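Asks: Please see the structure below; I have some questions.
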Amino acid sequence: MKVAIIRFPGTNCEFDTTYAFEKLGVKTQIVWHEEKEFDADLVVLPGGFSYGDYLRCAAIAKLAPAMQGVFNHAKKGGYILGICNGFQILLESGLLKGAMKHNNNLSFISKNQSLRVVSNDNAFLKNFKKDEIINLPIAHGEGNYYADETTLKELQDKDLIILKYEPNPNGSVFDIAGICDENKKIFGLMPHPERACEKVLGNDVGLKMLKGFLLENFINFNF
């Protein structure tokens, strides 16, 4: 299995993400934002502040040449994971539905956050029980997810909401912390699984999440 991690100017979580996957024995490649072609089974858009989040979060990143490769990967049915700023990029580019607003307190929030697993009928959260409570770090200023009523109904009816905040830290509608697309191949979440990979630092629930992609691709590895 190959994981391509896209690096934009301002990305700051690419090395944490690399560490997490390499800890699982997976080959990774950091792809510069100007590269249009890359070979991967899973594409990850990591956290950070792409292009300084000027205009608004992810507004410029969605136009980067590397996004052409991301779109091509999506058309082939490949897996895509967007973490924090990566989730914002998926929303801005239309690969996932909805939008992000500033946190309702207009402040940057950085803390460990309780989350509820809403759906485990997907590769990403298949290793968790439905309604299981987990903890992951969050660090964002624009994590207030928003969608219109029609989109929210679709997300609910099609089981596309994967994670909810417990309790809500930022005003996100329906407490949404993460969603996926209809094919359950494209995932976006604001919390950072790559920052929860060592028990000595708090927990390693992030590894359990990422491991789902490996099992989906029938990878054999040792822990």
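In case you wondered, yes, glycine gets a Cβ from its N, Cα and C as well.
According to Swiss-Prot:
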type	residues	note
DOMAIN	2-223	domain 'Glutamine amidotransferase type-1'
ACT_SITE	Cys84	active site, nucleophile
ACT_SITE	His192	active site
ACT_SITE	Glu194	active site
Asks: Please give me the CB contact count at 10 A for Glu194 (active site), counting all chains in the structure.
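Replies: So the Cβ neighbour count for Glu194 (active site) comes to 29.
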Asks: Could you state the whole-number distance in Å separating the C-alpha atoms of Cys84 (active site, nucleophile) and His192 (active site)?
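Replies: Their Cα atoms are separated by 7 Å.
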Asks: For Cys84 (active site, nucleophile), list the number of other Cβ atoms lying within 10 Å of its Cβ atom.
Replies: 28
Asks: Average the pLDDT scores across the domain 'Glutamine amidotransferase type-1' (2-223) and report the rounded value.
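Replies: Computed over the domain 'Glutamine amidotransferase type-1' (2-223), the mean pLDDT is 95 on the 0 to 100 scale.
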Asks: Count the Cβ atoms, other than its own, that fall within 10 Å of the Cβ of His192 (active site), considering every protein chain shown.
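Replies: By my count, 23.
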Asks: Three-state secondary structure of Glu194 (active site) from DSSP?
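Replies: Going by the DSSP assignment, Glu194 (active site) falls within a helical segment, counted as helix.
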